[in-house]
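*Asks:* My questions will all concern the structure given below.
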Amino acid sequence: MSKTRVIYPGTFDPITNGHVDLVTRASRMFDEVVVAIAIGHHKNPLFSLEERVALAQSSLGHLSNVEFVGFDGLLVNFFKEQKATAVLRGLRAVSDFEYEFQLANMNRQLDPHFEAVFLTPSEQYSFISSTLIREIARLKGDVTKFVPQAVVEAFERKHQQGW
């Protein structure tokens, strides 16, 4: 039987405890999990791609079947390159579903083998988003219960650099 390989794509700017929860759960469901960190040109990320990959590795590196890859371009092309079984997406709210449903159908039009798997977050993470976390951190609020310690430290370094 062939191995199941799922891609969990995102900008992860920064990775949150919600992301960590989904990857941890996915690592029990799939043989291999690829955390695919998008360059994210259109989002003007706070953290560089290298920083985001390092933060993901420090937060999830203890999971032996999880790897971390930066990527650029269409997700459907990356899906094919990685010979993936499916793409994993988290759904926090109905509004997420509408967007993800449309995206999955478009990707399936581009590649009929494209499959999307949706997971809802554990309840305590259902309201967390990287955008909210960045805003709280920018205003020097306490984000320690929403992100891994490595991210807290990365925000502290950004503040020291004048962010």
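Using N, Cα and C of the backbone, Cβ positions are placed for all residues, glycine too.
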*Asks:* Among GLU81, GLU100, which is the one Swiss-Prot gives for the ATP site where THR11, PHE12, HIS19, GLY90, LEU91, ARG92, TYR125, SER126, PHE127, ILE128, SER129, SER130, THR131 also bind?
*Replies:* GLU100
*Asks:* Between LYS43 (substrate binding site) and LEU91 (ATP binding site), find the distance joining the two CA atoms and give it rounded to the nearest Å.
*Replies:* 20
*Asks:* Just to confirm: which same-chain residues, 6+ apart in sequence, have a Cβ under 8 Å from the Cβ of SER130 (ATP binding site)?
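*Replies:* Listed in sequence order, they are THR11, PHE12, ASP13, PRO14, ILE15, THR16.
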*Asks:* Once the DSSP letters are reduced so that anything not helix or strand counts as coil, what is LYS43 (substrate binding site)?
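*Replies:* In the DSSP reduction, LYS43 (substrate binding site) maps to helix.
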*Asks:* Can you grab the distance from LEU91 (ATP binding site) over to LEU75 (substrate binding site)? Cα atoms, rounded to a whole Å.
*Replies:* 18
*Asks:* Below 8 Å Cβ to Cβ and six or more residues apart, same chain only. Which residues does that give for ILE128 (ATP binding site)?
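*Replies:* The answer is THR16, ASN17, GLY18, PRO121, PHE146.
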